[in-house]
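As written in Swiss-Prot, here are the features:
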ACT_SITE  ASP73  active site, proton acceptor
BINDING   73-74, HIS78, 147-148, ARG158, ARG175, ASP177, 188-193, GLN248  NAD(+) binding site
Amino acid sequence: MAKPFKIIGLIGKQKDPRIAESLQQVADFLVAKGLTLMIDQETAALFPSHHWEAVTRHELGQRCDLAIVVGGDGTLLHVARSLADSGIPLLGIKLGRLGFLADVLPEALGTDLAAMLAGHYREEERFLLQAELEQESQSYLIGTALNDITTHIREVVRLIEFETYINGRFLNSQRSDGLVVATPTGSTAYALSAGGPILDVNLNAMVLVSICPHALSNRPLVIDADSLVEIVISEYNTTPGQVSCDGQPGIALKVGDKVKIYKRPGRVRLIHPTAHDHYSILRAKLHWGRKLG
């Protein structure tokens, strides 16, 4: 059994007053257990009359033993990026639809959550990707992603033309709607919708998936996660592109720009109930056939 948690940070889906009731339910449960509760400042805006200590996201990551995230996978992705340097474990209370990352239901607070707070849980680590942009002899860090980093066209439906390099070696040039570079965590997200494979979450790998490529020979490619992926916008490209991390607002790209994608130092810690089974989640969410007999 792991060490029980004592100081809990609570974070909710931003700018969504509908989750106030669920947040209150979780907060009341934690206080009833005699735990110290801190609340994220932005989340605190949903509780004008709250009496808990409101702290910045950074301070929450430094002072708390555990961060409980109330929302869906999108909320947990956002929190994972913002707390990536803290090393704090994350626990997701599922209010969204898919729930690949957040898997504790609000009605299971008295069972699953109580056991996890007492130290009965399973922990796994996921790596993140970092994106860097080289533009006009300048280099910029532009974002972090737990799921994927996507290069694509802005606003209009048109092909983008680019070249891809892996560890400095030319891979290919292509015309497509874009390219998704995904972690194992993100292999069940946009990359899957684009026709990519599902990667085991424990693999040290990432997958490159073309979005609607002009040439059908452009197939998904799984590579070592310690590789450096470079995407260079072709001189023949006529439409502005952009690069996005986990579906966040993108950074504009122009001819000659180079996007570098590589594994970010450090890992995200996720904790789950002891009965957590990733393959069971895949079967349920993707509607796979059950075992016969």
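Cβ atoms here come from the backbone N, Cα and C positions, even for glycine.
Location within the structure of each feature annotated in Swiss-Prot.
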residue: HIS78; record: NAD(+) binding site; Cβ contacts under 8 Å, 6 or more apart: GLN14, ASP246
residue: ASP148; record: NAD(+) binding site; Cβ contacts under 8 Å, 6 or more apart: LEU129, VAL180, VAL181, ALA182, THR183, GLY186, ALA189, TYR190, ALA191, CYS245, ASP246
residue: ARG175; record: NAD(+) binding site; Cβ contacts under 8 Å, 6 or more apart: LEU159, ILE160, GLU161, PRO213, HIS214, ALA215
residue: THR188; record: NAD(+) binding site; Cβ contacts under 8 Å, 6 or more apart: PHE100, ILE198, LEU282, LYS285, LEU286
residue: LEU192; record: NAD(+) binding site; Cβ contacts under 8 Å, 6 or more apart: ILE198
residue: GLN248; record: NAD(+) binding site; Cβ contacts under 8 Å, 6 or more apart: GLY143
What's the number of neighbouring CB atoms sitting within 10 A of the CB on TYR190 (NAD(+) binding site)? 21
So, three-state DSSP: helix, strand or coil for HIS78 (NAD(+) binding site)? helix
ASP73 (active site, proton acceptor), Cβ-centred 10 Å count of other Cβ atoms over all protein chains shown, is 24
